[in-house]
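What Swiss-Prot records for this protein:
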type	residues	note
REGION	1-55	region 'Disordered'
COMPBIAS	25-36	compositional bias 'Low complexity'
REGION	56-67	region 'Kinase inhibitory region (KIR)'
REGION	68-79	region 'Extended SH2 subdomain (ESS)'
DOMAIN	80-175	domain 'SH2'
DOMAIN	162-211	domain 'SOCS box'
REGION	174-183	region 'Interaction with Elongin BC complex'
Amino acid sequence: MVARNQVAADNAISPAAEPRRRSEPSSSSSSSSPAAPVRPRPCPAVPAPAPGDTHFRTFRSHSDYRRITRTSALLDACGFYWGPLSVHGAHERLRAEPVGTFLVRDSRQRNCFFALSVKMASGPTSIRVHFQAGRFHLDGSRETFDCLFELLEHYVAAPRRMLGAPLRQRRVRPLQELCRQRIVAAVGRENLARIPLNPVLRDYLSSFPFQI
């Protein structure tokens, strides 16, 4: 009896605790109340770019746009285009190379697309490549060219040999690239269409018709 009365006493609810239990809201009543709708927060407005806030200036004509687009595609295929390489990075890569070694990279100047970095006798230097009136020329030179690679070929073949061999990202070139270069050098890019080849090989030759 004593044990049973003790258990009953332990399980009994004290009068002081009863009002507290009655005052606590039940979970069923709180869950039945409708939830407040979630309103999406408005996205902050993105400010429009100010005129001239890009790296390159606006193209003057659609022909200029096509020429730069074509030049970019040729640069991607040439192997010595180093993209957004800095001036310091370009000079460090050229420092131990022979005189005349060069590479093409993006210019950091707002009014130029590309820059030419070359190892001179006095050390590496960089020259801006200007694009004006649909033609390319080096900074400080009056000689202009329809194509950036014609400009490079001109300075490679010049008597003073300002440019030598390009610094390629891959030192070992694929055999098909070497064959294409020799064919272009042998017959000239103006005669590539006359070579009796299937369309696939002819397209490959014309995809980079330069001797560099």
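Backbone N, Cα and C atoms are what each Cβ position is placed from, and that goes for glycine too.
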DSSP residue counts for the domain 'SH2' (80-175), split into helix, strand and coil: 19 helix, 29 strand, 48 coil
Number of helical, extended and coil residues in the region 'Extended SH2 subdomain (ESS)' (68-79), per DSSP: 11 helix, 0 strand, 1 coil
